[in-house]
Each structure stands twice: as C-alpha cells, then as structure tokens.
Amino acid sequence: MIPTSDITGLILAGGRGSRMGGVDKGLQVFNGAPMAMHALMRLSPQVGHVLINANRNLAAYESFGVPVVVDAVPDFAGPLAGILAGLEQCQTPYLLTAPCDSPFVPTDLAARLSTALAEAGARIAMPVTLEPDENGRPRRQVQPVFCLIDAALADDLTTYLQQGGRKIDAWTARHPSVEVVFDDAAAFANINTLAELRQLAERR
C-alpha cells in the first residue's frame with residue numbers, strides 16, 4: 001500500500017453547479033455544514049495533504065483551512081481542469097480526488113485504491129460500484145471523479161486538455177488503470193439538485 005504521506009487529497013469544487021441553478025454546490029449546507037466540508041473531513045485522515053479546487057467564492061473555501069487551487073483552464077472546463085490544477089500543486093507522488101457534492105466519501109477509499117494501484121502496477125485507480133439496471137440486474141458503474149492518480153501524469157493531462165479533451169473516462173483510458181469494487185454505492189452518491197439535497201437531509 002502507498003504511504004498516506006505520499007498522497008495529496010483534492011476536493012473538486014470548481015464546477016458551475018448548473019443542475020443546482022448555478023449555486024456553488026460545495027457550499028450548500030447539509031447536516032449543518034457545507035457539503036465540501038463533509039467531503040474534506042472524510043478525505044483528510046486518509047491522505048498526507050489536502051487541497052480544494054474552486055473557481056468562485058474562494059474566501060469561503062479558504063476558510064476551511066486548506067490551500068485552494070483555481071483552474072488554469074478557463075470557462076469551467078470540467079473535473080479534469082480541476083484535477084490538473086491539483087496535480088500542478090501536488091507535492092506528493094499521488095493525487096486522490098473526490099467531488100464536493102459527495103458527503104459520504106468512503107473512509108477506506110485511499111487504502112483500497114492505493115493497494116490496488118500498487119499491486120497492479122497501474123497509474124490510475126478508480127472505484128466501481130454495482131447498481132441495479134432497469135431490470136434489477138447489477139450493473140458496473142465506474143466512479144472516475146474518485147480516483148487515485150500518479151502525479152507524473154500532469155504533463156499528459158495538460159496536453160489532453162490543450163487538444164480540447166474534456167471527458168474524464170477518455171483520459172483515464174489512455175493510461176494503465178485498475179478498478180476496485182466497492183459494495184456501498186450510496187457512499188459515492190453525488191447531490192445534483194437542491195431537491196436531492198433536501199431529500200437526503202430528511203433521510204439522514
């Protein structure tokens with residue numbers, strides 16, 4: 001397994017929040033705290049350092065007490081732009097990402113992904129969940145925004161984005177990757193609308 005001190009965590013909070021009406025998703029309150037804070041608190045014990053990627057409300061994110069990195073690619077270019085911002089500031093061999101709108105980040109995410117990456121000799125490790133399809137049969141669902149990445153891939157990601165690439169699954173497919181099955185699909189649930197946020201808060 002890769003030592004905790006060799007991993008930097010990155011909370012991805014740089015999106016437009018368009019499905020939430022343009023609000024900053026990471027700052028929406030869930031169970032008394034911003035969603036990004038929930039993700040941060042669950043990821044922090046698993047890594048040696050933590051960053052937040054954000055493109056607005058920077059002072060609010062800086063108040064969380066960790067460094068904030070801004071996309072170098074303009075116009076809200078998607079999660080890969082945030083990942084590149086993290087890789088450019090990362091001082092460790094590996095970067096572990098999680099989205100700001102997933103308040104139940106698994107507490108064993110780093111351990112399981114790093115073990116699989118080391119054993120497979122891969123450069124990227126991603127979780128996979130099994131979720132029912134329309135017929136109730138289990139369907140594999142890759143969760144690429146939760147990924148452990150070899151920080152040496154920063155230059156390749158820069159090139160991919162400069163060439164107009166934006167799809168995270170297309171970029172990860174360029175590199176040796178390993179997938180790790182997690183049983184708790186709900187731990188990877190992301191909240192896309194204010195209605196979903198209210199519903200989840202009522203259930204918890």
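Placement of Cβ uses the backbone N, Cα and C atoms for every residue, glycine included.
Summarising the annotation, Swiss-Prot assigns GTP binding site to Leu12, Ala13, Gly14, Lys25, Asn53, Asp71, Asp101. Sequence annotations record features per position, and here Swiss-Prot assigns Mg(2+) binding site to Asp101.
Location within the structure of each feature annotated in Swiss-Prot.
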| residue | record | Cβ contacts under 8 Å, 6 or more apart |
| --- | --- | --- |
| Leu12 | GTP binding site | Asn53, Pro79, Gly82, Ile83, Thr97, Ala98, Pro99, Cys100, Val145 |
| Ala13 | GTP binding site | Asp24, Lys25, Gly26, Ala36, Ile52, Asn53, Ala54, Tyr61, Gly82, Pro99, Cys100 |
| Asp71 | GTP binding site | Gly14, Asn53, Asn55, Ala77, Ala81, Gly82, Leu84, Ala85 |
| Asp101 | GTP binding site | Lys25, Gly26, Met35, Ala39, Asn190, Ile191, Asn192 |
Over all shown protein chains, what is the count of other CB atoms within 10 A of the CB belonging to Asn53 (GTP binding site)?
27
Just how many other Cβ atoms lie inside 10 Å of the Cβ on Lys25 (GTP binding site)?
25
Please report the DSSP secondary structure of Lys25 (GTP binding site), reduced to three states.
helix
